[in-house]
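Written out below as structure tokens is the structure these notes cover.
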Amino acid sequence: MPPTPGHTASADRGDSTLHTQAHSELIDLEGRYVVPGFVDMHMHGGAGASYQNGLHDDVRRVVAFHRAHGTTTAMASLVTDAPDALLAAVARLADLADEGLVAGIHLEGPYLATNRCGAHEPSLLKAPDLAEFERLTSSSRGHLRMITLAPELPGALDLIRSAVDQGVIAAVGHTDGTAAHVRAAFEAGARVATHLFNAMRPVHHREGGPVVAALNDPRITVELINDGVHIDTEVARLTFTTAGPDRVALITDAMAATGMGDGDYRLGTMDVRVQDGRAMLADGSSIAGSTITMAEAFRRAVTEVGRPIEEAARAASLTPARALGLDHRIGSLAPGKDADLVVLNDDLTVHQVMKTGQWL
Ligand SMILES: [Zn+2]
């Protein structure tokens, strides 16, 4: 059969090009910047709703809010919760991942260090449990894409190996481990450091801890919450200088309050109070996620941290896409990839967002 116009799959390359040109539209962006759609590999919620507690419509609200701020791909992160609640949340999110609303599920916990628990309920933390992990992966129907755990806990290395075998990215975080613990996790296949510096043993010049182990290993992607609250700007600068934009993944770690203003919220089982945009546990003991968008994290990387726009764009898009194994489809503006892009004004605020070729 000869190629049928309009069916590019059966058309040869020449026809396909003509076909595309016939349907292209020339858009004058009046000198604005265009960057790849942002990829947020660690995020809990926004617009008053969360992935954890929310029903389907709430999750749609979270996704729509962050898409409007340039995040065309987002993971759904879950904090520590009771086993049944976590299983139910994973199953619910698997439906939304089937629809393509979220790129995958990220389990942050429950296998975390109690003394680095941050905003996780300490009484629900436990040692890695392979049988429970199996239940979680099966209820995710293949959508569990990442798990953050503390590598010093008993059984952690076995869980990392099991995760990697099943195509789940292992990340070290909420850890009191030494550099040696973390290096062992990397040898077992862990490839991400969850919000570097936050909720982990700090750097000491005789014990570099997780931070130095991660920065020194070229295989590791380091997440950075570049909100000016979690990380001092100079420390963000040091991280970029050390790891480079191909290993720094800007994340939001955003919770429900993002885009909503000050007030009282929930993060998993924990009560959170937001004041002056800073989310803290209600008892004031820990920072509890952020209230920034990826657009803000990106803008700050340029205006505060001082990185060139191209580098900030890589850290906000290609680097997390690569860490998630999605860079064949997203993460840069290239023929054959999804047309996910953000148009930015001169002050780097979002002007317009396109997701798979459609303006939002
Ligand atoms: Zn988180």
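Even glycines carry a Cβ here, placed using N, Cα and C.
Now, the feature entries from TrEMBL:
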ACT_SITE  D253  active site, proton donor/acceptor
BINDING   E108, H174, H195  Zn(2+) binding site
BINDING   A119, N198, A199, R206, H230, I287, A288, G289  substrate binding site
DOMAIN    33-359  domain 'Amidohydrolase-related'
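The most crowded of the binding-site residues listed here (A199, I287) is A199, judged by how many other CB atoms sit within 10 Å of its own CB. The binding-site residues in question are H174, H195, R206, H230, and the one with the fewest Cβ neighbours inside 10 Å is R206. A Cβ distance below 6 Å to any atom of ligand 1 is met, among the recorded positions E108, N198, R206, D253, by E108, D253.
Note on proximity: among E108, H174, D253, the recorded positions of the record, the Cα nearest A199 (substrate binding site) is that of H174.
Shown in sequence order, H42, G109, L112, G118, H120, T148, A171, G173, T194, N198, A199, D253 are the same-chain residues outside E108, H174, H195 whose Cβ sits within 8 Å of the Cβ centre of the Zn(2+) site. Averaged over the domain 'Amidohydrolase-related' (33-359), the predicted model reaches a pLDDT of 96.
Comparing N198 (substrate binding site) with H174 (Zn(2+) binding site), their Cα atoms are 8 Å apart once rounded. Sequence-distant neighbours of A119 (substrate binding site) (same chain, 6+ residues apart, CB-CB distance under 8 A): V79, L267, G268, M270, V272, L281, S286, I287, A288, G289. Between the CA atoms of H230 (substrate binding site) and D253 (active site, proton donor/acceptor) there is a gap of 10 Å, rounded to the nearest whole number. Using a 10 Å radius centred on the Cβ of D253 (active site, proton donor/acceptor) and all shown protein chains, the other Cβ atoms total 29. Closest to the residue listed as 'active site, proton donor/acceptor' in space, going by CA atoms and restricting to the binding-site residues E108, H195, R206, is H195. The local packing around A288 (substrate binding site), expressed as other Cβ atoms within 10 Å of its Cβ over all shown chains, amounts to 27. Counting only the Cα atoms, the space from H174 (Zn(2+) binding site) to R206 (substrate binding site) is about 21 angstrom.
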